[in-house]
Structure formats: C-alpha cells, structure tokens
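Participant: One structure is given below, represented as structure tokens, and several questions about it will come after.
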Amino acid sequence: MYHRMAHESQPNPLLPGYSFNAYLVAGLTPILAEGPLDFFIDRPDGMKGYIINLTMKGQGQIFDGDETFFCNPGDLLLFPPKSTHFYGRSPSSDCWYHRWVYFRPRAYWADWLEWHTKSSGIGRMSLPNNQLLLEFDRLFANIEQTQRSGRRFSEELGMNLLERLLLRAMEEDPQSPQKIMDPRVIEACQFITSNLAGELRIDEVARHVCLSPSRLAHLFREQVGINILRWREDQRVIRAKLLLQTTQESIANIGRVVGYDDQLYFSRVFRKRVGVSPSDFRRRSSEINYPAAKTLPVAWGEQIPHAVSS
C-alpha cells in the first residue's frame, strides 16, 4: 500500500486543488450556461499526460481567435502532454457535456496516439453515427466506474479498458494505418509491465505469448524499436519516477517495487537514465509542483469571470 503525498487536498477532479499525479483519472463534466462549471479551462503549458475527450451533448469551444474550432456530440479530441488547453462551453450552446480520461500511456501505445487529423496539435475525429456515440459513451463510463471502484486492480483494469477505447478509435478513424502492433507483442508488453518487480526471463515471456524466444526477440525489436530488456528497464524507471512523485515510500521500497532489490544499483540505473539520483528527482519534482511560496494550481474547477488557469 502506497502512502499518497499530502499535497493532494481533495479528491474531486472537477474542483481546485486536485492533483493529477496518477496514471489514470476519468470523469464527466456537465457544463450548463451560468452554472458552477461554466468557465474556460486555461492551461497554457498543458499537463504531464494525455486527455481524451468525447462530447456527449451541446457544443464546446476549443481555443480562441484564428485557432478556434468547435466540438459537437460524437467528436473526440486528444490533447497530448504539454499542449495548450483552452476550452469551455460554446457561447452559442446552452450546455456542454463531455466525458474525459486523463492518462499517462503505456509505452507501446505510441502509434495509437498519433491521430492523423489535428488542429493546433490537438487530435480530432468524429464518430459518424449515434450507435458509435453510445458505444464510446459506454467505454468512457466503464473506465470511470472502474477507476473509481477502489478494487484491488482498479487502475490496471481501467488502463486495459482505455487500451480498448484507443484501439476502437483507431478502427473508426479512416486515416489510421491499417497495420496495428502485433497482439503478441502487446501481450508481451502487458505481461512484463504486470511483473516489473520480478526477474522474468525472455523464455518465460515467450512461453506466455506462445512464441519461441528468438521469434519474440526479433518481433519485439522490429515493432517496438528496442530489445526486451531495455524496454523493461524503461518501464521500471517510468514507474519509479511516478512513485517518487506521488508517494512517500522510501527509495529502497520503490526500488524493490520496480524490480531492484539493491538500492545502490537502483540509484545507479536511475541516475544513468534520468540524469539525477532518485532523491534529487523527488526533491526537484516537489519544488516544481508545489512551490512553497505559491498556492496549489487550479484544475478543472474554480469559477472566475473569464478563465481558469492551472
């Protein structure tokens, strides 16, 4: 059981003070004209992860000036990390209901996050009929319900549902490439990610996906671009960075959680890949995200006359 950092002051992502230091957060934002959520979100520097957004009812306005575009029921948007967020209810609509999922992707999702239609860096696609809108509504709702369930593996199950949503989006995008990563490579990645604390051998992974070790090694490098052991090390460091940012666990415990029983070896690997020691990374992350002289950033929710910055 991890101990969350005390900086997160309240658990509602629609209200100020919520920390998005998680792999997955999902919700529904029901904006009504003159209601408590009727303001424009303004995040000039974006967020650390992605947000995928589905308009269910009404109309939303994205950006202003020459870059303005609007989203209607069935429109999907994908905001990449660090991309500018400026959006709210369209003045010509009395409401904007949109489902959303904030997430930090698994490494092998990269191709699924390259949407081919974009406006100012924001991925866009439209579901062509109401049947698809209802299907995607259920996918978003299932992710939210699972993520909030408090079940033992709620985050992992939510990520698996999100994976399905992203693949369905690719299927419905007429401009997406026909070739998607081999499902055996995807399964190998999932198996490795689920067992980061252990020392899985390549032959164990190969047996899990019903391939020979040599065939898996060749296929993995061909489709992912690096070998299996290097990819596993990447995932361990990514997981360690998140735990350093969002928990109060000791560095030794975090090392063990991601597969390094020797704290000194963990620190050496971390420094080699990140450029600083785990303790320095935690300190710098805390200083950046929670500076002592400033209040917590607003996320999703404080009503002011024109916009909310975060």
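A Cβ is built for glycine as well, from the same backbone N, Cα and C atoms used for every other residue.
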Participant: Which is it, of 49-70, 159-180, 203-224, 225-246, that Swiss-Prot names as DNA-binding region?
Facilitator: 203-224
Participant: For the annotation DNA-binding region in Swiss-Prot, which listed range does it cover: 11-34, 251-274?
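Facilitator: Swiss-Prot lists DNA-binding region for residues 251-274.
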Participant: Considering every residue in the DNA-binding region (251-274), what is the mean pLDDT value?
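Facilitator: Over the DNA-binding region (251-274), the predicted model scores a mean pLDDT of 93.
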Participant: Let's see if you can do this one: DSSP helix, strand and coil counts over the domain 'HTH araC/xylS-type' (186-284), in that order.
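Facilitator: Secondary-structure breakdown of the domain 'HTH araC/xylS-type' (186-284): 72 helix, 1 strand, 26 coil.
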Participant: For Y87 (alpha-L-arabinopyanose binding site), what is the tally of other C-beta atoms lying within 10 angstroms of its C-beta?
Facilitator: 24
Participant: Please list residues from the chain of H98 (alpha-L-arabinopyanose binding site) whose Cβ is under 8 angstroms from its Cβ, counting only those at least six apart in sequence.
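Facilitator: For H98 (alpha-L-arabinopyanose binding site), the qualifying residues are L28, T29, I31, N53, L54, T55, M56, G60, C71.
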